[in-house]
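> From Swiss-Prot, for reference:
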DNA_BIND  223-282  DNA-binding region
COMPBIAS  133-145  compositional bias 'Polar residues'
COMPBIAS  165-179  compositional bias 'Basic and acidic residues'
COMPBIAS  188-200  compositional bias 'Polar residues'
COMPBIAS  201-216  compositional bias 'Low complexity'
COMPBIAS  331-355  compositional bias 'Basic and acidic residues'
COMPBIAS  578-590  compositional bias 'Low complexity'
REGION    133-225  region 'Disordered'
REGION    324-369  region 'Disordered'
REGION    395-421  region 'Disordered'
REGION    569-596  region 'Disordered'
ZN_FING   24-46  zinc finger
ZN_FING   52-72  zinc finger
ZN_FING   481-503  zinc finger
ZN_FING   509-531  zinc finger
ZN_FING   537-560  zinc finger
Amino acid sequence: MVDIAEAMPTTASSLPSDEALRKFKCPECTKAFKFKHHLKEHIRIHSGEKPFECQQCHKRFSHSGSYSSHMSSKKCVQQASPSMVTPFNPYQLMMYRNIMLQLQTPQVSFLPSTAANNMDYMSLLQANLFQSLENGTSPTPTQEPSAPASPEPKIEVVDEPEVSSEVKTEVKTEVKTEDSVPEESITPAVSMSLSPAPEQNGNESMNNGGSGSDGKSSPDWRPLRSRSFLNDSQVAVLQNHFKRNPFPSKYELSAVAEQIGVNKRVVQVWFQNTRAKERRSNRLPSMPRGSVASAAAAAATSPTVWQTPVQLMAAWASQFSNGNNSLTASQDERNNENTDEVMDHDGLKDGKETPLDLTLSTDDTEPEWSPEKLIGFLDQTGGVIQELLRQAGNGFVTNQEDEEEKPIKAEESPVSSGSSSIWPSFIGQYPSILDSASLSVLEKALDQQKSSEDDASSLCSNESKLLKFPTTPLKEEEGLFSCDQCDKVFGKQSSLARHKYEHSGQRPYKCDICEKAFKHKHHLTEHKRLHSGEKPFQCDKCLKRFSHSGSYSQHMNHRYSYCKPYREQPASPSDVLNGGSVTVSPSSSNTPPPST
């Protein structure tokens, strides 16, 4: 029982009000807070200070609670991941599919292989691919169109980030018709333009600035810089190095420049221009529609039906055996008639000296679709496909650099160096690609891709699951400390140290009365109050006392507004007989009386 004089204050004004508890007042406005750190975060609203920043989306926050909520929800992952995904190119997908099917088929050892063979085979393959694209179905026998559409001028822009200026060229085109296969003379250009149409004979020049005038008639032509001139021996050395490694390091560039006695920048620009030329020559869309129709019309005369890749190779073999001599003669004739004038970065040329010739001759160089270029094509266009296969769990995609460090012996290679197969011995560097299970996964992955946008979105959802926030501790000067075992971030080092007990399972603070142990010291302090009966926290309205600060805070924040104050009650007859004292009880029977 509680005496009235001890339980009730002398006057009602002595009870601390809510305004008295909010002793931390904002100097800018009339708001007041119970805790100092609430005032600090409120002042940031006036000052505009936002000390917390997300490392993923770089969004800043003024309140630690908003920052913690943002980091826990990981909303910024979905916004950052689409930029990491390269969309599919339908032409590249079809090329990749056909290459994989060719690798899956048995090797035909009786088929000859020369520099011109790959060119002829790729022209047939391109014609078949374009025909399937127009029909919207799988590769089928090609038919001669009634009226081939005239190709439109098209400018292909090669984006080379390291090239400081633009390289331009003039391309001469001429159409020649042979008995077996009509071929078109198009010299792959290290330039910013292409010839508009195969029907236009003569010199057609389109530079990057949109001018179509001939360079010889312009009064602004000046001689090339002396550093841009390379003799035949220097170009031969550069071509040999390019065959071995089209992407040399800066140390290899310096070594090559020292070997041929030129500046490193000259070698670097030569490699960049040559790579651009290779990309342009290997790009399917760069083939004019007119040449596609011509190739398709010529292929229609062949009795072979192009239903499968094996039949396509048979058609190529038949064509080569019938027209090898005429094709070789026509290629030599076109090489003599074509003229490539490669200009310096300033767009200058000199009639007295021979400018830098970046064209690859067919005598001492490999064909356009050589094994090295095919490997580069697979590496450049198959990155997204490799990611799909890697996520599928097969793990059969190999690294080209790792394979190059382990040369394959001649007896271990599936195709010997002296074999006449159309697929050379470089296939041995990718033995696991020939796995039927892997190819089935590749086919399934390719069939699921309907458009480049769908590819990007599907890969985005898969890669977002793999992304994780940095688990390394942040710098102390940033004021944030992250746990190295989870995604939580703390503003103090001591808070991080206490949090690590959650992962380690240690309970260093033990009670000396019972056997309980706690991870944090303040938990032990509050636990000891259960043994001692101490309740230092009391509600000033209902006079209820609490031993734990958390219970007291919850009561003050949620129940203080409607908890019933204590009032006098008439004493029961037994109380009057015993002592005659008047008791105080809460107005609500649900609220327990205050404990002392």
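Yeah, the Cβs are placed from backbone N, Cα and C, and that goes for glycine too.
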> Give me the stretch from 24-46, 52-72, 481-503, 509-531 with the greatest number of Cβ pairs under 8 Å to the zinc finger (537-560).
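Answer, by Cβ pair count: 509-531.
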> Looking only at the zinc finger (52-72), what is the model's average confidence as pLDDT?
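Within the zinc finger (52-72), the model's average pLDDT equals 84.
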> Cβ under 8 Å, sequence separation of at least 6 from the ends of the zinc finger (509-531): give me the contacting residues as numbers and ranges.
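Sequence-distant neighbours of the zinc finger (509-531): 498, 501-502, 547-549.
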> Please count the residues of the DNA-binding region (223-282) that DSSP assigns to helix (H, G, I), strand (E, B) and coil.
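Output for the DNA-binding region (223-282) reads 45 helix, 0 strand, 15 coil.
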